[in-house]
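Contents: one structure, followed by commentary.
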Amino acid sequence: RQHEGPRRVKRAWVIPPISVSENHKRIPHLLVQIKSDKQLPGGVIYSIKGPGVDEEPLGIFSIDKFSGKVFLNAMLDREENDRFRLRAFALDLGGVTLEDPTDLEIIVVDQNDNRPLFRQDVFTGHVVEGAEPGTCVMTVDATDADDPDTDNAALRYSLLEQGAGGLFSINSTTGEICTLRPGLDRETVGVYNLTVQAADMSGDGLTTTATAVIYLEDINDNPPEFTKEEFSMEVEEQATGVDVGRVFVHDKDLAGSPNWLAKFTILEGDPEGSFAIRTDPYTNDGVLSVAKPLDHEVRDRFKLTVSVQNEGPLEPTAPASPRALATVRVRVRDVNEAPVFRENPRRVTVLEGAPPGTSVTTFTASDPDTHQLQTLTYALLYDPADWLQLDPHSGTVRTKRELLHPSAFLQGGRYIALVLARDDAEPPLSATGTLSIEILEVNDHPPLLQPTAGVLCGRPGRGGKLLLGATDDDRPPHGAPFHFQLSPQHPQLSRNWSITRFNVTHAVLAVLVPLPKGLYSLPLLLRDSGTPPQERQQLLNVSVCHCGREGTCEDGVLAAATAGAGITLEALVIILGSTILLLVLVGLGVARVRRHRRALRKGLLQRSRDDMRDNILNYDEQGGGEEDQDAYDINQLRHPELFSPRTKAPVRRDAPLSSATPLASRKLPSGPSDIEDFINEGLEAADSDPSVPPYDTALIYDYEGSGSVASPLSSIVSSLTDEDQDYDYLSEWGPRFRRLADLYG
């Protein structure tokens, strides 16, 4: 069986789309009438539902429920709703559906009621000056809220105003702005303001305008130029680092850019490099300054040739500058200059001990101001030892007193003085010169034998030698090496003695033949190496002693006594005085320590008078424990006050010896100083007691038993808190535990 085809719907009930123009002002406006032929007229009730009826926006459409006429009740705006989709219903008078619901579509027809709108009020673009025609700068664009499928939204762009020249054009469809012809010059016009129009209806409808601002970017197409061909300046001589003046330039390019910033160069007129020129970055001026001190007396005028160019390279198309060079004339003004010591410091030499009035040197300065007549005067600015005198006019330096050496005022053998030179200009200027005087050493001191006495064995060889030395107050080369020899006036000395060189300052005296012991006085001749040499004859006291096996003196006491013969009285007095002072100090220290110990012992005895258990008792040996009743009477330990030195000492009933001799009753010490004797007596009595076994013998240790009267040590930690402990028994332990009993009992 074939399927039935679609059910036929009556044309009166199928409603085609209805078009209505937006902004329709005749309201209410009949849009359409719907009909159903299922009932006779008057027997059908019509209704519609959907947006504009019972959904937002409400109240735009309505229907006559008996006639089926649909009305427009408000003005429509296509830009808000371009179409409405409604549902139409047909019911009989009893509410029974006569027809299936049908669609009712209402299309809003667009009208050109919206002007174009630019996306921004001002558009900005940049283009370099001198750009070629056809160079695009920017694009402007606009929108239209009307139907884009109609001419109501078809936009066209145009330039309404761009100033003289007409250098720009715009694409009417895309809105792109480009250069139209050459001639863009930033130095002439730097900014172009263009008025752009957008119109709908393909240019014949509604219009709107915006502004397009085009900035020209600078290029280096203008070289810098001096404002004039010659500049004149002045500067004082001897000035360094000061600015002399400025040269001015002009550049049409953008200020502050590398195309505008100038760079100056001194081409001619300054072979010594006395000047320097730099650019002021704010004004672009050339600042000429002094690089080296100028001297009016040497050169008073300069003619400089200065060039200028930009920091950035110049465009090839830029014209050449007729004023790229300028002449700068500088005049050097003369000023008063300070005197100058040509030789500074001045180094001279003077012999040691030169008499007062000796000429040292003539220390003068010169005045650089040769074009001015000035007089120089001199004065001593620094003369620490007041050794010198100075002529204020000639600058001649002489000694005022004898120059002594050594002296605290000498530095490395030189005496330093300062001389002041002053001119008579207004205001006067001065200079300071340093005078360094070397004090030449004169050999005016002979060497001195050190020491002047010695001890040696009277046997040639190992022990018969003595090391001799010498000192000299003169400085090198007038001191060492020293020459030692036996006096030529006593040639017989060379038979028993000889002197050989040890080093530059010492020599060795040796015995040539065995000599008896005794004191020998040997005349020696000492000579230095100065020019001329100085010499001195001195006596050397030599104590000769008997030699032992090792080459040393056998009689040490004699050697020491004889060696002391060479000690001076002053040295002996110093040694004896130091020894006596040391003994006095030691005695005072010992006495202070003994007083401190006695006071300490006295305090100890006073604190222990309340406890007689500190007395020395003879307990023979350790014995057994608390239950060892056979060895000791434990009551005597519990009641020590019953036992004293006047009673017999406790004797073990199981003593290993047959007899027990108690300690003799001894008198207690009357004072703290006797405690040592008291202890020693008790120790001696215990050592001599035959009833006491020696410490290294086997002692008797009995069984202590299974229990103890005293509490075990473990009870100390058997509880966790102090409240669990009973400390009242501390008060029964005697005065030593009284403090603990007060704290815990």
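For all residues, glycine too, the Cβ spot is worked out from N, Cα and C.
Unlike curated entries, TrEMBL annotations are predicted automatically.
Now, the feature entries from TrEMBL:
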- 12-118: domain 'Cadherin' (DOMAIN)
- 119-226: domain 'Cadherin' (DOMAIN)
- 236-341: domain 'Cadherin' (DOMAIN)
- 342-449: domain 'Cadherin' (DOMAIN)
- 468-558: domain 'Cadherin' (DOMAIN)
- 571-591: transmembrane segment (TRANSMEM)
- 643-672: region 'Disordered' (REGION)
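Taken residue by residue, the domain 'Cadherin' (342-449) breaks down under DSSP into 0 helix, 47 strand, 61 coil. Tallying C-beta pairs under 8 angstroms between the domain 'Cadherin' (342-449) and each of 12-118, 119-226, 468-558 places 468-558 first.
Looking only at the domain 'Cadherin' (342-449), the predicted model's pLDDT averages out at 86.
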